[in-house]
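Asks: Take this structure, written in structure tokens, and hold onto it; I'll ask about it next.
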Amino acid sequence: MAGVFEVEVDGVEHDHGLEHHDESNRFDMSKLSPEEKWRVEHARMHAKHKGHEAMHAEMVLILIVTLVVAQLVLVQWKQRHPRSYNLVTLFQMWVVPLYFTTKLHWWRFLTTWFIFSVITAYISYRATRKPLACTTPRLVYKWFLLLYKISYAIGIAGYSVVMFTLFGINLIFRIKPEDAMDFGVSLLFYGLYYGVLGRDFAEMCADFMASTVGFYSASGMPTKHLSDSICAVCGQPILVDVSEEGIIENTYRLTCNHVFHEFCIRGWCIVGKKQTCPYCKEKVDLKRMFSNPWERPHVMYGQLLDWLRYLVAWQPVIIGFVQGINYILGLE
């Protein structure tokens with residue numbers, strides 16, 4: 001028996017047979033606009049799943065239960081074995097988008113991903129060398145701080161374009177809404193993805209360098225003595241006094257009275273997500289350290305990236321696991 005479905009195109013209902021039906025009602029799908037094609041496919045999907053409400057409810061229940069269980073497992077894993085959790089998450093953040101963009105032939109993303117991977121691989125290689133070169137910590141933090149600022153700016157630009165499109169400002173420049181929205185979402189994707197990935201690599205490099213420099217130990221006591229004129233992050237002399245205004249960068253003093261180069265302590269606290277003093281591990285008050293109101297959103301932005309890490313790295317894995325359960329149970 002021929003399958004029949006009804007679809008409304010341009011306000012008129014058409015009754016189409018899938019095999020043998022009235023030839024007068026047939027039309028060429030290739031001549032339809034993208035919106036009309038979407039409506040035809042939507043009608044086909046509704047016809048295919050009509051009467052499957054119980055099955056769909058079961059699939060939704062499986063999805064909710066899997067999300068809850070996965071969240072509990074991930075939280076316990078992160079608390080009990082943070083190092084392995086961070087490494088696995090970092091690997092997935094690096095590989096999962098690569099799989100989908102390669103499949104979709106997004107060459108622009110693949111180009112930026114390759115450039116980022118090459119530079120970051122070199123920086124990570126320098127950070128894991130023993131003995132650690134005296135210029136490596138500064139190079140590491142400057143690269144990831146630059147990457148952080150670029151991703152932050154791109155993300156803000158993408159968000160602005162999306163909001164301007166929603167308010168119709170794109171029409172002033174005669175730009176189609178779909179083109180403006182695609183451009184804004186693409187910028188958001190680039191900014192957030194490289195922001196998350198860069199912070200994870202920065203934290204990994206910070207852990208390696210902290211153990212190599214020798215300020216950490218199992219007992220919690222520093223294994224090296226820190227001079228008042230030496231930065232505890234990079235080990236280089238501090239040439240600018242805390243009370244002086246530097247030409248290239250300033251000097252920061254924490255509440256524990258340890259002083260650091262501006263690029264070093266910013267990279268350590270914001271990019272590397274370390275909220276303790278690199279030397280004595282005393283808690284760092286980021287609000288007091290960065291009192292400028294224009295810098296505070298950067299800290300909030302870092303917390304946003306932590307949440308998005310779960311969405312990018314683990315959400316595809318959980319959805320794939322749910323689809324596997326549905327396949328085993330014969331649900332569609």
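Even glycines carry a Cβ here, placed using N, Cα and C.
What TrEMBL says about a protein is an automatic prediction, not a curated fact.
Feature list, courtesy of TrEMBL:
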DOMAIN    231-281  domain 'RING-type'
TRANSMEM  59-77  transmembrane segment
TRANSMEM  84-100  transmembrane segment
TRANSMEM  106-125  transmembrane segment
TRANSMEM  146-173  transmembrane segment
Asks: Run through the domain 'RING-type' (231-281) and tell me, per DSSP, how many residues are helix, strand and coil.
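Replies: So the domain 'RING-type' (231-281) is made up of 10 helix, 8 strand, 33 coil.
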Asks: For the transmembrane segment (146-173), could you work out the same-chain residues 6 or more beyond its ends whose Cβ comes under 8 Å from its Cβ atoms?
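Replies: Same-chain contacts beyond the flanks: 116, 180-181, 183-192, 194-195, 198-199, 202, 270-271, 298, 301.
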Asks: Six or more residues beyond either end and a Cβ under 8 Å away: which residues meet both conditions relative to the transmembrane segment (106-125)?
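Replies: The answer is 94, 97-98, 139-140, 143-144, 147, 190, 194, 197-198, 201, 204-205.
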